Amino acid sequence: MDNKGWSLKGSLLFLLLLLSDLLLCKSVASLPICPSGAVNCQVSLRDLFDRAVILSHYIHNLSSEMFNEFDKRYAQGRGFITKAINSCHTSSLPTPEDKEQAQQIHHEDLLNVILRVLRSWNDPLYHLVTEVRGLHEAPDAILSRAIEIEEQNRRLLEGMEKIVHQVHPGVRENEVYSVWSGLPSLQMADEDSRLFAFYNLLHCLRRDSHKIDSYLKLLKCRIVYDSNC
């Protein structure tokens, strides 16, 4: 997808989310989630899940596009894919590998899995934006996606924290996450080593964003619709 098409898609998503925010956060008597006279708007669990699913799917699409763009421009003929298997910094976190495994996990545990993975990406996404600028002839398509993903990952994390507070009010969160130590690899002088570090990070981001997207859709079905979907 070219930059113009991506920009149009991003703009449409932001308009959708903005409209959702306006509709949900005005104290209008016709909206049951905001009773008449309420000082603070309380967004329903269903609406929180709707937003989270939209965001997670958007992030996964951007991650896939960014990985494909990087692979096409920098990784052809270098054999990176064979070295990238099972070398993600989040591999230390126990996560279900497929839908069948995820269905066996209690929703509270699955919510915590999502929080841990999202928190584990805060630091690498911040540095990814900075280091991508130093790539030789780095295309705007990669940089713009990196910036967008970092911002939307923060929004999704905030949304997930609100969901957890509604599903389990009063429960104190355990802020567990996997520490990323890959910054020196993104700054290596050897070009092949540096490009592989970028490739591996983007490969892992695509993998984890797909997992989160799948887990969220499963949780929405289970919690909001009582598995009747």
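For all residues, glycine too, the Cβ spot is worked out from N, Cα and C.
Annotated signal peptide per Swiss-Prot: 1-30, in sequence order.
Per Swiss-Prot, the feature disulfide bond maps to CYS34-CYS41 (among others); the stated evidence is similarity to another entry.
Annotation source Swiss-Prot lists phosphoserine at SER56 (among others). Under the three-state DSSP scheme, SER56 (phosphoserine) falls in the helix class. Around the Cβ of SER56 (phosphoserine), a 10 Å sphere holds 26 further Cβ atoms from the protein chains shown.
Of all Cβ atoms in the shown protein chains, 17 besides its own fall within 10 Å of the Cβ of ASN61 (N-linked glycosylation site). Summarising the annotation, Swiss-Prot assigns N-linked glycosylation site to ASN61.
The feature phosphoserine is assigned by Swiss-Prot to SER64 (among others), with similarity to another entry given as support. Taking a C-beta cut-off of under 8 Å and a sequence gap of six or more, SER64 (phosphoserine) has these contacts in its own chain: ARG206, SER209.
Residues or ranges marked as disulfide bond in Swiss-Prot (evidence: similarity to another entry): CYS88-CYS204 (among others). Every protein chain considered, the tally of other Cβ atoms within 10 Å of the Cβ of CYS204 (disulfide bond) stands at 24.
According to its DSSP assignment, SER120 (phosphoserine) is helical. The annotation phosphoserine is assigned in Swiss-Prot to SER120 (among others) on the grounds of similarity to another entry.
According to Swiss-Prot, the disulfide bond annotation covers CYS221-CYS229 (among others). Around CYS229 (disulfide bond), taking its Cβ as the centre, 10 other Cβ atoms fall within 10 Å, counting all chains.
Cβ neighbour count for CYS88 (disulfide bond): 20 (other Cβ atoms within 10 Å of its Cβ, all protein chains included). Its Cβ taken as reference, SER120 (phosphoserine) is surrounded by 22 other Cβ atoms within 10 Å in the chains shown. The distance from the Cα of SER120 (phosphoserine) to the Cα of CYS88 (disulfide bond) comes to 11 Å.
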